[in-house]
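K.L.:
Provided herewith is a single structure, encoded as structure tokens, for subsequent inquiry.
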């Protein structure tokens with residue numbers, strides 16, 4: 001690291017000595033910010049980071065007792081040569097993508113929404129309330145459930161968003177704390193009033209046919225996937241094409257500058273935060289009405305960090321999020337079979353995702369800086 | 001009623017100590033200008049390592065607590081390398097550490113068969129006749145050793161932070177890293193040190209949780225206490241003694257939870273379990289309502305900003 005001593009030596013030592021001793025010739029390593037890194041270079045560094053993350057993940061899995069050949073088989077061969085597994089990955093990708101969009105929308109205005117899981121729970125609770133209460137005519141039921149889920153997630157975001165904007169209460173902590181509150185509310189409902197009357201197990205009663213996202217007609221795929229893709233396209237339009245998207249980009253680059261330029265910083269930040277909560281609520285609905293067909297105790301587990309990872313790796317770009325969501329979904333599906341066949345605990349998914357974030361975040365060092373020898 | 005009160009108050013310290021030690025560790029780290037959101041991860045690491053060490057090393061509670069602190073400090077090297085050397089966004093780095101620790105502790109504990117294995121753990125001290133005294137006996141004289149050590153630990157850390165050269169330099173690095181650098185202080189070294197010492201204290205808090213309180217390891221057993229500790233530090237405006245007071249408050253709330261049902265109060269249990277989180281939120285709102293212009297100076301001024309000598313302002 002930076003070392004003043006060597007530089008001082010070079011200054012203090014006499015010229016003829018400076019030529020003779022090695023020590024005087026060595027400078028220190030300094031960092032220089034890159035003003036601009038070319039696109040190919042950024043892609044190269046990013047690829048290097050991803051590869052390093054994958055390599056470390058593979059080493060961890062091999063250290064847990066899975067051979068390299070089995071690893072390749074579980075993650076690549078078994079998944080992409082089998083229509084059933086492809087369908088499982090796509091099914092898993094839908095709610096992950098929506099959670100990733102929720103994170104991306106908030107991160108674009110530098111609002112750290114760590115409460116995606118709590119908002120998913122509230123969204124699912126609202127949708128399940130519509131389903132259990134048989135609200136509205138059957139043909140409109142799914143639409144009402146989606147709306148309720150969005151409002152549920154939005155409502156759960158309202159308090160942290162307002163606290164951040166009015167009182168500058170740190171939203172990282174407030175959104176995270178509300179996860180625990182929402183989880184306890186979920187348990188209260190599932191062990192109490194919403195317990196399945198048929199089996200008395202702590203999950204809600206099954207949704208009727210009209211309350212489920214319908215199958216598309218290929219394998220087990222449902223309309224959750226088209227819903228997620230449409231939302232991704234809308235978010236892309238909003239963030240990358242529309243005028244508001246331009247505002248979010250300025251706010252992301254420099255909130256103070258944005259305010260000084262007269263942009264509606266407060267309104268855009270509040271809107272993005274609430275949209276993020278609403279999207280997370282819809283993600284909860286997509287799991288309950290598109291995969292599990294009831295509300296369970298742990299349907300949301302892992303989506304919060306996955307959403308953050310998806311937004312981070314995709315650099316808050318909704319279209320990039322589609323790709324990353326597919327990658328994370330592959331990880332989820334492969335890990336289910338690892339759990340069954342190799343007794344690898346589910347926390348492996350979190351571990352690998354964390355390793356990937358650390359590798360990619362660390363690799364960005366080489367995009368932002370250049371190491372220079374300072375004499 | 002008196003029995004209830006004595007019983008409750010006697011249990012507060014065991015619940016307050018994890019918050020207190022974790023908040024103290026966070027203060028050490030954050031005084032150096034590094035935003036430490038990884039507390040939950042360091043706490044989990046300490047808890048798992050403590051329980052594991054107790055099982056593997058033949059039941060020495062002190063060795064287990066030491067291992068807990070060292071394990072968290074070792075993991076914090078990853079965090080330090082990311083935030084200090086590679087200048088990664090400190091929010092991303094902290095979150096990544098939390099999830100890394102959640103995954104790692106779950107994996108290691110499952111592979112080693114440590115999950116849900118009860119340990120004998122740390123016993124309460126028996127001070128003979130003192131412990132048998134009415135009222136003050138159970139409250140003051142029959143806690144475990146870590147409870148008694150917490151106050152000296154606080155004294156030592158506050159002394160170092162506010163009265164020694166090392167503490168002065170550490171605070172300088174957190175308030176004005178450019179000036180500190182110009183004055184010859186090795187910013188990176190101090191930040192690495194502050195991160196590791198802070199993580200060790202948070203890890204100790206975690207180890208106390210598994211070895212001292214729960215006496216077993218379960219996945220995710222920190223249960224948000226690391227996050228509550230982060231909120232406590234903001235509430236305490238980075239001042240150790242106020243953090244200790246906050247920890248006692250939260251310890252009081254947590255100690256009350258299992259006792260509400262026991263006395264036959266009919267409150268839905270899951271709403272009771274929400275109280276620590278709701279209380280934390282309330283405390284944060286209160287702290288920010290009260291934070292006037294002059295209170296903002298309590299926050300380390302370079303908190304969350306990486307230091308880059310070449311971009312000296």
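Keep in mind that glycine also has a Cβ here, set from the backbone N, Cα and C atoms.
Here's the feature list from TrEMBL:
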| type | residues | note |
| --- | --- | --- |
| TRANSMEM | B:6-27 | transmembrane segment |
| TRANSMEM | B:34-56 | transmembrane segment |
| TRANSMEM | B:62-84 | transmembrane segment |
| TRANSMEM | B:91-110 | transmembrane segment |
| TRANSMEM | B:139-161 | transmembrane segment |
| TRANSMEM | B:189-210 | transmembrane segment |
| TRANSMEM | B:216-236 | transmembrane segment |
| TRANSMEM | B:243-264 | transmembrane segment |
| TRANSMEM | B:270-289 | transmembrane segment |
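For each feature listed, report its degree of burial, its nearest neighbours and the pertinent distances within the displayed model.
P.N.:
Same-chain neighbours of the transmembrane segment (B:6-27): 36, 39, 42-43, 135, 138-139, 142-144, 146-147, 150, 153-154, 157, 161, 197-206, 208-209, 212-213, 225-226, 228-230, 232-233, 236, 238-240, 243-244, 246-248, 250-252, 254-256, 259, counting only residues six or more beyond its ends whose CB sits under 8 Å from a CB of the stretch.
Sequence-distant neighbours of the transmembrane segment (B:34-56) (same chain, 6+ residues past either end, Cβ-Cβ under 8 Å): 18, 22, 25-26, 63-65, 67-72, 75-76, 79, 83-84, 90-91, 93-95, 97-102, 104-105, 108-109, 112, 114, 117, 119-121, 174, 191, 194-195, 198-199, 202-211, 216-217, 220-222, 224-227, 229-230, 303-304.
Beyond the ends of the transmembrane segment (B:91-110), by six or more residues, the same chain brings 35-38, 40-42, 44-45, 47-48, 51-52, 75-76, 78-79, 82-83, 217, 219-220, 226, 304 to within a C-beta distance below 8 angstroms of the stretch.
Beyond its flanks by at least six residues, the transmembrane segment (B:139-161) meets 6, 9-10, 13-14, 17, 20-21, 24, 27-28, 31, 65, 122-127, 130-131, 133, 167, 170-171, 201, 208, 212, 240-241, 244 of its own chain at Cβ-Cβ distances under 8 Å.
Below 8 angstroms of C-beta separation, residues 17-22, 24-34, 36, 38-39, 42-51, 64-65, 67-73, 75-77, 79-80, 83-84, 119, 121-122, 146, 153, 157, 169-170, 173-174, 180, 216-217, 221-222, 225-226, 229, 307 of the same chain, each at least six residues beyond the ends of the transmembrane segment (B:189-210), sit close to that stretch.
Remote same-chain partners of the transmembrane segment (B:216-236), defined as residues 6 or more beyond its termini with a Cβ less than 8 Å from a stretch Cβ, comprise 18-19, 22-23, 26-27, 30, 36-44, 47-48, 51-52, 98, 102, 105-106, 109, 114-119, 202, 205-206, 209-210, 242-243, 245-247, 250, 276-277, 280-281, 283-284, 286-287.
Long-range neighbours of the transmembrane segment (B:243-264) within the same chain, counting only residues 6 or more positions beyond its ends whose Cβ lies under 8 Å from a Cβ of the stretch, are 4, 7-8, 11-17, 19-20, 23-24, 27, 154, 228, 232-233, 235-236, 272-273, 275-276, 279-280, 283.
Counting same-chain residues at least six beyond the ends of the transmembrane segment (B:270-289), those with a Cβ under 8 angstroms from any Cβ of the stretch are 224, 227-228, 231-232, 234-235, 237, 246, 249-250, 253-254, 257, 260-261.
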